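Peer 1: The active site, proton acceptor annotation in TrEMBL covers HIS69. What TrEMBL records for ASP70, VAL73, GLY75, ASP77, SER79, GLU91 is Ca(2+) 1 binding site. According to TrEMBL, the substrate binding site annotation covers PRO167. The annotation heme b binding site is assigned in TrEMBL to HIS197. The Ca(2+) 2 binding site annotation in TrEMBL covers THR198, ASP252, THR255, ASP260. Here TrEMBL flags CYS38-CYS119, CYS71-CYS76, CYS125-CYS328, CYS204-CYS238 as disulfide bond. Annotated domain 'Plant heme peroxidase family profile' per TrEMBL: 28-332, in sequence order. Among the features that TrEMBL reports, signal peptide is placed at 1-27. Taken from TrEMBL, the feature site 'Transition state stabilizer' covers ARG65.
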Amino acid sequence: MQKLVKMVSHLLVVWLVALCFASPAAAKLSTTYYQKTCPNVEQIVSDVVTSKQITTPTTGAGALRLFFHDCFVGGCDASLLVSTNAFNRAERDADDNISLPGDAFDAVVRAKTALELQCPGVVSCADVLALATRDLVLMLGGPHYAVRLGRKDAFASTAASVAGHLPSPNMTMDQLISLFEKNKFTVQEMVVLSGAHTVGFSHCSEFASRIYGFNGADRDAHDPALNPRFAQALQKACANYVEDPTIAAFNDVMTPGKFDNMYYQNLLRGLGLLASDTALTADPRTKSFVQLYAANQTAFFEDFSHAMEKLSVHGVKTGRKGEIRRRCDEFNNLST
């Protein structure tokens, strides 16, 4: 009985601490937010994105990247979905977002369109993106996690707001940790969110410096942290990347279409594609977490779920601080 009391007390303390650190806006979100106004919201989104993923298998990885880029710049408010207009160059046209895949945007637009037919003017684009990302992770074999709802869509979206807010492949570990800490994420949460690289691909330009003329050496010199055979295969695959910048390689060469812990196993074998990936195994602050997730997929899934729940409420807008867009790619007031 005493053990049970202690366990309940511990859980209560954890809950109270989490509540204290939750933002006032995030505290207003709820998994039942649309229970009366649009009760089938989750099923509608799921049906649409499932169809999209079956038709275009790269959609899931694209949505994950889209969601992260949206949340880390001003919060999870669908500002990234807005298109540039005559009055404004939008977030999605910033240099760091140019390569985001169109299929991920399309999945959200389709889901929003379906919702507008059933529940016009009720569900925000920010909520659609959060739900779509969760459902697509699940479709790829990843974990299910709760998505609290009630976000509002941003009133602003500017390309100028993006610089310095997103991680880049060539950042040092100090820079990466600093960026995540600035957004209230721990080193472990940074490592577990990096596990999203278990799906998707990266363009050759993002890792070319690792496979050609590394550190100013001859053309065939590659980063010694890379498995030699892997480096040689990448050199061949990316040979024409300057002429064709669309050439890319899978982030996870072993199971590229499956959400699993293979990404971490690959890192320990010298099969990390990006410099920022490989750096996770070299730094003592992060290496132990890589080893943990490489050995234990259950731990990875549990921690990834918690990190995604936290990410999904990062910087959310509620009440009058946002709107419910009629279309995800434009503000209700077009002069914005």
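Even glycines carry a Cβ here, placed using N, Cα and C.
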Peer 1: Filter the recorded positions CYS38, HIS69, PRO167, ASP252 down to those whose C-alpha lies within 10 angstroms of the C-alpha of GLY75 (Ca(2+) 1 binding site); answer none if the list is empty.
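Peer 2: Checking each Cα against GLY75 (Ca(2+) 1 binding site), the hits are HIS69.
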Peer 1: Closest to the residue listed as 'heme b binding site': which of the recorded positions HIS69, ASP70, ASP77, CYS204, THR255, going by Cα position?
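Peer 2: That would be THR255, the closest of HIS69, ASP70, ASP77, CYS204, THR255 to the residue listed as 'heme b binding site'.
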Peer 1: Round to the nearest Å and give the CA-to-CA distance linking CYS125 (disulfide bond) with ASP77 (Ca(2+) 1 binding site).
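Peer 2: With the alpha carbons as reference points, the distance is 8 Å.
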Peer 1: Which chain neighbours of the Ca(2+) 1 site, leaving out ASP70, VAL73, GLY75, ASP77, SER79, GLU91, have a Cβ atom within 8 Å of the mean position of the site's Cβ atoms?
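Peer 2: Once ASP70, VAL73, GLY75, ASP77, SER79, GLU91 are set aside, the remaining close residues are HIS69, CYS71, GLY74, CYS76, ALA78, LEU80, ALA154, SER157, GLY315.
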Peer 1: Restricting the comparison to the recorded positions ASP70, VAL73, CYS76, PRO167, which residue's C-alpha is spatially nearest the C-alpha of CYS238 (disulfide bond)?
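Peer 2: That would be PRO167, nearest by Cα distance.
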Peer 1: As a test of the contact definition, list every same-chain residue at least 6 positions from ASP252 (Ca(2+) 2 binding site) whose Cβ is closer than 8 Å to its Cβ.
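Peer 2: The list for ASP252 (Ca(2+) 2 binding site) reads HIS197, THR198, VAL199, MET262, TYR263, ASN266, given in order along the sequence.
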Peer 1: Using a 10 Å cut-off between Cα atoms, which of these recorded positions sit near the residue listed as 'active site, proton acceptor': CYS38, ASP77, ASP260, CYS328?
Peer 2: none
Peer 1: Among the binding-site residues listed here (ASP70, ASP77, SER79, PRO167, ASP260), which has the Cα closest to the Cα of CYS38 (disulfide bond)?
Peer 2: ASP77
Peer 1: For a quick check of packing: other C-beta atoms within 10 Å of the C-beta of SER79 (Ca(2+) 1 binding site), how many?
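Peer 2: Neighbour count, Cβ to Cβ under the 10 Å cut-off: 28.
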Peer 1: Specify the nearest of the recorded positions ASP77, CYS119, THR255, CYS328 to CYS71 (disulfide bond), where nearness means the distance between Cα atoms.
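Peer 2: Of all the candidates listed, ASP77 is nearest in space.
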Peer 1: Out of the recorded positions SER79, GLU91, CYS204, give me the one sitting nearest to CYS328 (disulfide bond) by CA distance.
Peer 2: SER79
Peer 1: With an 8 Å cut-off on Cβ-Cβ distance and a minimum sequence separation of at least 6, pull the same-chain contacts of CYS204 (disulfide bond), or say none.
Peer 2: LEU234, ALA237, CYS238, TYR241, PRO245, ILE247, ALA248, ALA249
Peer 1: State which of the following recorded positions has the fewest other Cβ atoms within 10 Å around its Cβ: VAL73, CYS76, CYS119, CYS125, CYS328.
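Peer 2: Per-residue Cβ counts within 10 Å for the recorded positions VAL73, CYS76, CYS119, CYS125, CYS328 bottom out at CYS119.
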Peer 1: Check the Cα-Cα distances from SER79 (Ca(2+) 1 binding site) to the recorded positions CYS119, PRO167, THR255, ASP260 and tell me which is shortest.
Peer 2: PRO167
Peer 1: Express the distance between the Cα positions of THR255 (Ca(2+) 2 binding site) and ARG65 (site 'Transition state stabilizer') as a whole number of Å.
Peer 2: 18
